[in-house]
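Undergrad: What follows is a structure written as structure tokens; I'll ask about it next.
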Amino acid sequence: MEPITFTARKHLLSNEVSVDFGLQLVGSLPVHSLTTMPMLPWVVAEVRRLSRQSTRKEPVTKQVRLCVSPSGLRCEPEPGRSQQWDPLIYSSIFECKPQRVHKLIHNSHDPSYFACLIKEDAVHRQSICYVFKADDQTKVPEIISSIRQAGKIARQEELHCPSEFDDTFSKKFEVLFCGRVTVAHKKAPPALIDECIEKFNHVSGSRGSESPRPNPPHAAPTGSQEPVRRPMRKSFSQPGLRSLAFRKELQDGGLRSSGFFSSFEESDIENHLISGHNIVQPTDIEENRTMLFTIGQSEVYLISPDTKKIALEKNFKEISFCSQGIRHVDHFGFICRESSGGGGFHFVCYVFQCTNEALVDEIMMTLKQAFTVAAVQQTAKAPAQLCEGCPLQSLHKLCERIEGMNSSKTKLELQKHLTTLTNQEQATIFEEVQKLRPRNEQRENELIISFLRCLYEEKQKEHIHIGEMKQTSQMAAENIGSELPPSATRFRLDMLKNKAKRSLTESLESILSRGNKARGLQEHSISVDLDSSLSSTLSNTSKEPSVCEKEALPISESSFKLLGSSEDLSSDSESHLPEEPAPLSPQQAFRRRANTLSHFPIECQEPPQPARGSPGVSQRKLMRYHSVSTETPHERKDFESKANHLGDSGGTPVKTRRHSWRQQIFLRVATPQKACDSSSRYEDYSELGELPPRSPLEPVCEDGPFGPPPEEKKRTSRELRELWQKAILQQILLLRMEKENQKLQASENDLLNKRLKLDYEEITPCLKEVTTVWEKMLSTPGRSKIKFDMEKMHSAVGQGVPRHHRGEIWKFLAEQFHLKHQFPSKQQPKDVPYKELLKQLTSQQHAILIDLGRTFPTHPYFSAQLGAGQLSLYNILKAYSLLDQEVGYCQGLSFVAGILLLHMSEEEAFKMLKFLMFDMGLRKQYRPDMIILQIQMYQLSRLLHDYHRDLYNHLEEHEIGPSLYAAPWFLTMFASQFPLGFVARVFDMIFLQGTEVIFKVALSLLGSHKPLILQHENLETIVDFIKSTLPNLGLVQMEKTINQVFEMDIAKQLQAYEVEYHVLQEELIDSSPLSDNQRMDKLEKTNSSLRKQNLDLLEQLQVANGRIQSLEATIEKLLSSESKLKQAMLTLELERSALLQTVEELRRRSAEPSDREPECTQPEPTGD
């Protein structure tokens, strides 16, 4: 055998470290999942014995490699040094998650052996024990430690990373949150939802009268306007949750009584809708209340698309009731448990509205199925436990007794144990052992334990646990009455037979205790007839599985009323005191004492109102109310363990702290000034309020060893004022620092979010000069009213668009388009604010939610299931589906909106989507009839026919039409198949030139790849090449395609092809011989299509008229400027003529002195 190897390697797909160990697999053995640690050494011995027997027949050693990592534990054969690993030859022996290894044992007698017990099948209670041998026994502790560490890491990952938003197991619905109501019970009558809606409408109406506001969208007609015609809709409670029955008046329709609705809380939704401290608060009730109701595997999530956070998270265990409205069938709600501030809990009903009744039916059905599946899975995952009557329990105790004994003593214990079996079982075991002829006592003991294990495992399959028998008998007692089922009788006989094996005293005590329990059950059934107010509660507590819960739960209804009502405790005790019988039964007394174990009763020191009965009884009842009202169902198990640990206490609640006689002697010595009586001790301190429990072994020293402690010096008012000022200043400083931190965190998150959005490779790198040109255009003041030169913009777009400015440039190009086409479109949508659209419910929610996961699944911004990216995308698509009722939502829109969302904010992306759909005319191809898409496919075929005839003939030869490969190009604008950098460049050109860019890009792509397409000779390879290979373009090819698009001009051809399509369609209708009905249908379809075409032509005519009007206005401006220029020219000519006259006059004047110059006398020269 090769020496053990220890190598560490890292997986490529995860950051987990996998550790490999070279071992020898001794063997394996399937065992029961209830196998305990004392049994495991005998199982290992059996595996080794079986391995030795097989080795004699076929001496082959199994060299294996055990791979340990947090993601899985894998055992596979070791190929050896000479052979190479081949997964086809060497398949893994077993592979499981490390958390399924629930027992590991190291053989102390032979340290080179160790074994692991792996859960294989939780349903059939099967496990497999694998035994390994290591060549180096010092490595065995390291191997066991590695397996345990991997299991620990895997369990932590399961806790911290639950599959909360898994597409496979979660279903999402859009609902409108109406409000919440605190109720006093975990279940409700059928009319609860309708009553809640009426209360919501009443409150909203009263608020509307005080401050006028629009009516909420969830307002529905009240019950007086619509009679109750429908039967009760679907309502159910989660199976497996313990429930308490309602009072009779509530079941008879007393929902309007003040006892059920404890409080109405619609105004403080933003404070109480969230369960827990780590979840962000949702929006205010007057803001967006639409939520995504997500049903997972074991929980319900309420996600706010507005805040992008989880607003509510409830486990199925916390939900006790779900119901649909009777009159308001488009509403539903559920009741769940929420923790209160004082450590207790209360029940809250959440009410929601859907778009229609069918959606509510689907939600209720999904909830019911999810509850059922979760209950089944939890039952399967529940850890198996041994009861006192389990056959394997006796084997467990036997293995515990013989643990550490030598062979002879072990043999004696086994012989004693065999005497408890039947004669037939003893004879069978004796014969089987003698057949194998063991060589020594140790082998004989191993064989006996092996046969005993097989015997007890067979018995365990038919065994009924104590708790299961009690539940079965209680359910049968409800249906049959006082009759016991046959299974309970058989179980009782089995229990008596097992008890008879013990001492006579123990058996008698157990029989007497069982008789007392039976008498207690009879007292329960008798009390049903005596007290009608306790009937439903007592009948329901008989369904509880454990005795402590059965005795702790039955309380009067007034205690349930205390969960949410504001009534006085004393009034409840007075009103219900005469209904109870005067003598308290022992079971009730025990129940009262048990409740005080976990609740110290000194908190009720204020004297209540005087009751009619004795004050002692009323006080005890008051204490019991407080202890039950603050006890959650999850605390009952803790309470049972405390009760079992501490045992029964004294008569009154205050005697639960009574000490043993040794402790009392110790306390007398330690505190001689105090009496040992606990009641007097408590009376002395009754004025101090609630005291913490004192350790019974702690000495009480009131004044300390050196006298009374020194009193604290009282501070003056000035010192107190300075302390308050210092605390206030510190708090103000802390608040300012928190605000600054929040601002810094928000700015950092924005930068990270923007960087995450723009995580794609740029096609045309933008130079600094081009970036400067764009920044200059974008920073122009009043740019939305200034027309820029189209040639300059074409040149800038052709040279590249900076990625971080792309969203702003798209808005700039949209503004220039509006300035160029100053005419109102006929089909412009209503100017509804984006925030108002988000407050409504859409009927297209299912299609949108399905496509969210398909839209850019590999991009980090959209990859998170129901993350910020997907929720923002959902908001945009939902708002557009509400704005454009004709189109609604169509596949492909999610990619268009996703590209816009990557480059701008949510609201800006919605505005740009409206621009593309209405102003650019994209919405025509998304209409339900898809006629425009058919025309586009015809236009693309004609372009191929005219520009690439050989490629067109090749595609036609194999019957490949454009609809097989080009439909996604038009519906998603290449975003579903091509890289994001290329798609961004396509969007740049669409904002600049319009929708004809899609034809240019498609024609350029097919033309540039024409030689490669012509090489394929069948339909599958051609379509696969166009869909898969062609989108994986290189950067050079992409940039070449973009440059070709800027040089193409096919606008006139596209118009001609569209007219040609309509003419051919009319000719085809006229030439085909049809029957009258078919011709009628054809004519109707033609009529409808012609009407749509007429509308389109009217729209185009309106566009042309708008253009004509704009041109006429331009001509008028030019004429007016021409007249102004003519007047200016006349003025300049007059001015010129005047200037010429002035020049002539000056010339004439300058010529006159020259004529008189000879007549002038020259002065004589002067002498020196």
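Every residue gets a Cβ built from N, Cα and C, even glycine.
Annotation comment: Swiss-Prot describes SER146, SER235, SER237, SER503, SER525, SER565, SER566, SER585, SER614, SER627, SER695, SER941 (among others) as phosphoserine. Residues or ranges marked as region 'Disordered' by Swiss-Prot: 203-238, 532-551, 564-587, 628-658, 678-717, 1145-1168. Annotation source Swiss-Prot lists phosphothreonine at THR505, THR596, THR1131. Under the heading compositional bias 'Low complexity', Swiss-Prot lists 532-542. Marked as compositional bias 'Basic and acidic residues' by Swiss-Prot: 632-645, 1145-1159. Annotation comment: Swiss-Prot describes 800-994 as domain 'Rab-GAP TBC'. Feature annotation from Swiss-Prot assigns phosphotyrosine to TYR952.
Neighbours and distances for these, please.
TA: Cβ neighbours within 10 Å of SER146 (phosphoserine), excluding its own Cβ and spanning all shown chains: 20. SER146 (phosphoserine) falls within a helical segment according to DSSP.
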Undergrad: Looking only at SER941, THR1131, the modified residues on record, which one has the least crowded Cβ, with the fewest other Cβ atoms within 10 Å?
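TA: Among the modified residues SER941, THR1131, the lowest count of other Cβ atoms within 10 Å belongs to THR1131.
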Undergrad: Give me the Cα-Cα distance between SER146 (phosphoserine) and TYR952 (phosphotyrosine), rounded to a whole Å.
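TA: With the alpha carbons as reference points, the distance is 64 Å.
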Undergrad: Far apart in sequence but close in space: which same-chain residues, 6 or more away, have a Cβ under 8 Å from TYR952 (phosphotyrosine)?
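TA: SER941, LEU944, HIS945 - these are the non-local Cβ neighbours of TYR952 (phosphotyrosine), listed in sequence order.
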